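One structure is given below, encoded as structure tokens.
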Amino acid sequence: MDKLRRVLSGREENEELGLTAQVLDGSSLSFSTRVKWFVICFAGGVLCSILGSALLFLPGGYKLFAVFYTLGNILALSSTCFLMGPLKQLKRMFEPTRLIATIVMLLCLVLTLCAAFWWKKNGLAIIFCILQFLAMTWYSISYIPFARDAVIKCFTTCLS
């Protein structure tokens, strides 16, 4: 369990933690508290996404779908801040290996809401929600070693 704590917080075994490091790292919460809030945030994100999908079938439910689906993705994304800390999360999000996926994902979050409320284009909002899903998936698998290579290889094999 200690090894899991060190990996999730990004600490090495021989590194001492001061109060400043804990605050900057966002790990001033106990490990069990961070895991509980991760689960709460992630479950809330999944619940919002499912609720948004259910609201899609109501009359005029496109706007509610766009809001709840986007809110669900934001909650799920921010849930990992509890595990590794907000600054480390931001640093990892904007690493060169996932920079494009992060930008596309954040752009799709904003464009979904713009399409639903500002431009009032329901079809475009649905397209941006689909792009949100794809960008979030691509972003998520960037944390798994060699997962992107496996997905690319699978698609190129299937297409040829």
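Note that Cβ sites are derived from N, Cα and C of the backbone, with glycine treated the same way.
As written in TrEMBL, here are the features:
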TRANSMEM  37-58  transmembrane segment
TRANSMEM  64-87  transmembrane segment
TRANSMEM  99-119  transmembrane segment
TRANSMEM  125-146  transmembrane segment
Positions on the same chain near the transmembrane segment (37-58), where near means CB under 8 A and six or more residues out
29, 64-69, 71-80, 82-83
Please report, as numbers and ranges, the same-chain residues at least 6 past the borders of the transmembrane segment (125-146) whose CB is under 8 Å from any CB of it.
62-63, 65-66, 69-70, 73, 76-77, 93, 97-98, 101-102, 104-105, 108-109, 111-112, 115-116
